[in-house]
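Asker: Among the features that Swiss-Prot reports, Fe cation 1 binding site is placed at HIS24, HIS53, GLU57, ASP110. According to Swiss-Prot, the feature Fe cation 2 binding site maps to GLU57, HIS72, HIS76, HIS105, ASP110, an assignment based on similarity to another entry.
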Amino acid sequence: VKVPAPFAWNEDFATSYKFIDLEHRTLFNGLFALSEFNTRDQLLACKEVFVMHFRDEQGQMEKANYEHFEEHKGIHEGFLEKMGHWKAPVAQKDIRFGMEWLVNHIPAEDFKYKGKL
């Protein structure tokens, strides 16, 4: 999936769950802000929205007994592990990785739970 320019959520990433789509917007906004204002505070804020979203999304999956929950959780944990190594100012290659990961993760992984949560 191509990284949108400017980097922002759009309907191509809609999951059909309003609360998840709203949180996905915050992920896009967090990475965009980090690319524009590459500070320690912005990095911490970006990490925080990812942690919060993954917790919320995984909670919904668990509640619905989503069959791919453990696999999906592992993918989230792998991303957070990589993000945990980022230090401000974050290298552009790492920010780009985060953007590419997000635009690929939503259609490849999150779309699998459409109609199942």
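Cβ atoms here come from the backbone N, Cα and C positions, even for glycine.
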Asker: On a C-alpha basis, identify the one among HIS72, HIS76, HIS105 that is nearest to HIS53 (Fe cation 1 binding site); the candidates are the binding-site residues.
Answerer: HIS76
Asker: Given the recorded Fe cation 1 site (HIS24, HIS53, GLU57, ASP110), which additional residues of the same chain have their Cβ within 8 Å of the Cβ centre, ordered by sequence?
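Answerer: Here the non-site neighbours turn out to be THR15, ILE20, GLU23, LEU27, PHE54, ASP56, ILE106.
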Asker: Cβ within 8 Å of the Fe cation 2 site centroid (GLU57, HIS72, HIS76, HIS105, ASP110 excluded): which residues?
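Answerer: For the Fe cation 2 site, the extra neighbours are PHE54, GLN58, ILE75, ILE106, GLU109.
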Asker: Excluding near sequence neighbours, so keeping only residues 6 or more apart in the same chain, what lies with its CB under 8 A of HIS76 (Fe cation 2 binding site)?
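Answerer: Looking at Cβ-Cβ distances below 8 Å from HIS76 (Fe cation 2 binding site), excluding near sequence neighbours, one finds PHE54, GLU57, GLN58.
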Asker: Cα distance, HIS24 (Fe cation 1 binding site) to HIS105 (Fe cation 2 binding site), nearest Å?
Answerer: 11
Asker: Between HIS24 (Fe cation 1 binding site) and HIS72 (Fe cation 2 binding site), how many Å separate their Cα atoms?
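Answerer: About 16 Å separates the two Cα atoms.
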Asker: Tell me which of the binding-site residues GLU57, ASP110 sits in the most Cβ-dense spot, judged by other Cβ atoms within 10 Å.
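Answerer: Checking each of GLU57, ASP110, the winner is GLU57.
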Asker: Report the same-chain neighbours of HIS72 (Fe cation 2 binding site): residues 6+ apart in sequence with Cβ closer than 8 Å to its Cβ, ordered by sequence.
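Answerer: Listed in sequence order: GLN58, MET61, TYR66, GLU109, LYS112, TYR113.
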